Amino acid sequence: MLPGARALRAAGLLRPPGAAPHTGAARRARCGPGPRPAGRGVALPAGPDLRHFLRAAAARQPEPSQELPPELGSTPGAPKVYLETYGCQMNVSDTEIAWAILQKNGYTRTKELDESSSWNAQFSCVPREKAEQAIWNRLQHLKALKARRPRARAPLRIGILGCMAERLKEEILHREKLVDVVAGPDAYRDLPRLLAVAESGQQAANVLLSLDETYADILPVQTSAGGTTAFVSIMRGCDNMCTYCIVPFTRGRERSRPIASILQEVRMLSDQGVKEVTLLGQNVNSFRDLSEVQFQSVAAPGLSRGFSTVYKAKQGGLRFSHLLDQVSRIDPEMRIRFTSPHPKDFPDEASVLQLIQERHNICKQLHLPAQSGSTRVLEAMRRGYTREAYLELVHHVRDSIPGVSLSSDFITGFCGETEEDHQQTVSLLREVRYNVGFLFAYSMRQKTRAHHRLQDDVPADVKKRRLEQLIATFREEAARANAALVGQSQLVLVEGPSKRSASELCGRNDGNIKVIFPDAELEDAAECRAPGRAQPGDYVMVKVTSASSQTLRGVPLCRTTLSRAAASH
C-alpha cells in the first residue's frame, strides 16, 4: 500500500506543489513503474523495470488507426473489467476511450461484476455533489462484495477514473483502503501499467493533468453496440474559470482534437449505421484546432455582443464553424448536434448560426446555459455577461433560426443569491420559455474560486424551495412551448421501444424533445421499402396529438429519410 502523498510523488505520480504542469509526453516519460513488491527481503541487482517491457510491448502493437481483431474482446483467460459510469456525458465518452485502451491491451469486458478476475472501474463526476455521493455509496457496496469473495478466486480490484479521481485522489486512496487504482482524465493511456501495479497488491495512481492530451489517435469503442446515437469528444478542458465550476481544475486547460481525427471517427460511426452524432466538449464553440501550421496565425473571432472573457483573445487555428461544416457533409442522413456551448461564442456574424439554419442535418436546437437570471449573480459567477446581453443573444438566435428549440442550465442558491435575484431567474425562465432545462441547487466544490473567496450562505432549505419553484416554472413554460407543436408533423429518429409500453416506440425530434407513438405498420414515403414496422435508426414522420413539459405524443404517418423530410418542408 502507498503510505501517502510522499510515496506517490516519489513514484512520479503526484506533482510537487508549485510545479509546472507536464505535457502528455512529459507526463508519460516521468511516470515510473510505481512501488515494487519487497521480493521476500532479498536485495536484487538493478535491471530492466516495467517501463522496459512496456516499451518493448508497445513496439509490437498495431498502429492506432488499424482495426483490432474481433476476437480480442473475448480472449479466453484474459483479465476482465466491469465498467460503471456516473455523471455527465463526458464521462460516458471517457469510458469509451478507456475501454479502447484496455481492449487493445488484452482485457475483456464483462457485464457481470461477480465474474472471476474482474476489475471494477468507475468513471466519476464532480461538478455536482449528487454524482459524487453516489460513488461513495457504491464503494461501500463493493467493499462488502470484496469481503464476501471466496479466497480461491482472484480478488476484486476497484478503480476510480475521471474527474473525482483527480479532485479527491488522496482521500480515495486512503479512505478505508477501498480503491486500488486512481486515474485522472488525462491518464487513461497509463491504465495498463496502473492495473499491473495493482495486481501486485499495491495501490497505484496517476492524476497528472496534461496541456496537450486529447486522445486524438484513439478511436473510442462504443459502449452501446448497435446504438442509433453516439457522442464524439472534440475537445477537453475549459478556460472560462466560472467561480462555481471545478472542471478547469479536474480536466485542465482547453485543448482541441485535430479536425482530421474527428472526421475519421464520425465516418466510422456513419459506416456503423449511427444516425445521430453529438459533438461533445465543455465549451465546444471555442474549439480551436492548431494542428495545421497554415492556420495558426488566423485572427481570433469576436464574442457575442455584450460578452467578455477572463482570458485574452486566442489567435490561430481552425474554428468550430469549420468543424461543423465538415462534419455535416459526411452523411446527409446523420443528424448533428453539439453540446455544451458557451453563450459568449456566438458572435453576431457567426457562421455557426448560419450553418444551423442552412443544413438540414444540423439540428435546429441550441443549448444556451444561462445559470442565473440576475446580473449581480452572473457577475459573482464570472459568466462574462449580463441578463440583458443574454436576452439579446436569445432574440438574435431566434431571428437567425426560426423555430429553434432552446435548452439551458440553471443553478439556484449560489453564494449571496437574494430572493430578488431568485425572482429574476424565475422571470428569465418565463420570458425565454425553454423547451428543455437542467436545474440544480448549488453545491460548493473545493478548489473553485467560490470555495476560496465566497461564502455558501444560502441555507439548504431555501435552496430546496427555490429549486422547486424553478422546476415548476420551467415545466409550466415548457408545456406551453411544446403545446405549440400539437397538430404539427415532426420528424422523429426512432431510438427503441417506449420504457412504459412495449406497444409504443420512442424517439426524439429535431429539437431533442422525446416523442412517443404507437408501434404500427407504416408505409415508406419513398416507396423504396415494403410497408413494415419502424426500427431503431429509422426516421418516422409523426403528427403530434398531445404535449407535456417533457414529452410529445402522436400518431405515425410514414417512414422516411432525413433528406426527403427536409425537401418536403
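In case you wondered, yes, glycine gets a Cβ from its N, Cα and C as well.
Automated prediction, rather than curation, is the source of TrEMBL annotations.
Between the stretches 13-40, 321-348, TrEMBL puts its region 'Disordered' entry on 13-40. Shown for the domain 'MTTase N-terminal' (79-200): DSSP residue counts in helix, strand and coil, namely 59 helix, 24 strand, 39 coil. Averaged over the domain 'TRAM' (483-558), the predicted model has a pLDDT of 94.
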